[in-house]
Structure formats: structure tokens, C-alpha cells
Amino acid sequence: MKDDPSIVSQLEKLFQSLDDPRATEQEWYEQAEAVYQAISRSDASQAGRQPFRTVPIGGHRLPSLPYSYSALEPYISREIMFLHHTKHHQSYVDGLNKAEKELQKARQTKQFDLVNHWERELAFHGAGHYLHTIFWYAMHPKGKRRPTGELLEMINRSFGSYSAFKEQFSEAAKKVEGVGWAILVWAPRSHRLEILIAEKHQLMSQWDVIPLLPLDVWEHAYYLQYKNERAKYVDNWWNVVDWREPERRFATAKRVLWEPF
């Protein structure tokens, strides 16, 4: 990746901008965004050529946040971010690792009643871990607030317009029964984007789709700051959404196409 000429070119322009006393902060940001997009395109193009690696059974780790715990204030408080990441997400990582180890043991000893139990634990904690990991990286204090390019085109094709999508996604999140998620997904079978909900992390949702943008509406994601005003939390969340991550995921996901039925 470091030898990719497009990345090298954008980095050179960024350094020139930083050295230019006439350059504005907005110009620095725009050039940094160009570097990010070049890296994302390089990652997507080389994804199929990377050596295949697996996470060892019970070897999942809590990902670091790409910003500080206070970075999303005033929309999401530092206290919420700290507890959400270090306590709640960590508990899903720990639960996933335990479930994988115990499931392996139960299968080896043919304890099939335990297999059923640990498969349920695996589904809950695994989905929680994966959705939270995407969730963190789809937010940023200085992120890209609107999608562009191919993802925006697909949003317009799938929902009519970006504003229509935003309204439909927000209403889905506000109306999740109990605790769960609203998720923008790519559906390889339908060749379009869809908005799904998931109760808890893994219930009432759909198979054969790829998540692009999830919104956590469990109470631990907002209650300390918003109390019972989930709708206010959902509306404010758009102020920290960073569309660079959904665009990066879509650049890879769109290549997955099944025969439509």
C-alpha cells in the first residue's frame, strides 16, 4: 500500500499544503480526506490479494477507537463512550471468546445440549462485537457528513433520495422494540441497499446481507445523556456519522452479487 502511486501523490500534496503558510485549515482537511480515500481504494483493490488470516478460537480483541472518548461531545458524552466501549463492548468480546472455546469443547465431547447453549451465546456476543466494531468506525468528530459517489447513487436508487433514506433509517431506529440496532445493509441477492432492524444484536434481522452503517439503540448507548429520549439521540447521532467507513465497506461489498431471486 505504501508504494501505491496514488497514495504517494496525495501524501505529497498534503505535505505541501501543510508547509504552505497560505493554506487554510479547510484545505488541510480536504487534502487529508483525499489521502484517506486513496488508501481506502488501495485497500479495497488489494483485499483479494492479502494473505488469508484467521482469528484464533477465543482470540478476539477489543478494537481501539479512532478518536478520544470525549471527541463526539456534545452529541455523545465522554461518560457514555467510555462505558460503552470499555465495559459493554468488552463484555461482548469476552463473551464471544468464552463461547467459542466452550463450543469447541462441547463439540469435541459430543455434549449437544451444551452445543445449543453455546451457539446461542456465540450468536449474541459475536453479533454484538461485530456491530459495535463497525459502529465505532462509522463515527468521527470531523467525519464526512454526507455520502458521495457510488454509495450516494445507490442510496438514491434504493430509497429515492438521501433525505428519504435518512428519514426512513431514523424512524426504523426510533421504533426498534426494546433494545437493538438499525442497520443499512447491502443485499447481494437483491442488488440494492436495505434498512434492517435487529432486536438485541441478532434477532428479527435477515441473512445474506452485508452491514454498512449500524446505529446502536440499546439504552446503554444513550440513556445516561438522553434518558428516555431515544428520538433525540437518533436525530443528534447524524452530527457524528462519518460516511467514509460505509463508503469503504460498500466499495468492497458491492462486488458481492448473487443471482437475483
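Quick reminder: no glycine exception, Cβ is built from N, Cα and C everywhere.
Just so you know, TrEMBL annotations are computer predictions that nobody has curated.
Here is what TrEMBL records for this protein:
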type   : residues : note
DOMAIN : 60-139   : domain 'Manganese/iron superoxide dismutase N-terminal'
COILED : 89-116   : coiled coil
DOMAIN : 147-248  : domain 'Manganese/iron superoxide dismutase C-terminal'
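Residues 57-62, 122, 124-126, 128-129, 132, 201 of the same chain lie 6+ residues outside the coiled coil (89-116) yet bring a C-beta within less than 8 angstroms of a C-beta in it. The DSSP breakdown of the domain 'Manganese/iron superoxide dismutase C-terminal' (147-248), given as helix, strand and coil counts, is 44 helix, 25 strand, 33 coil.
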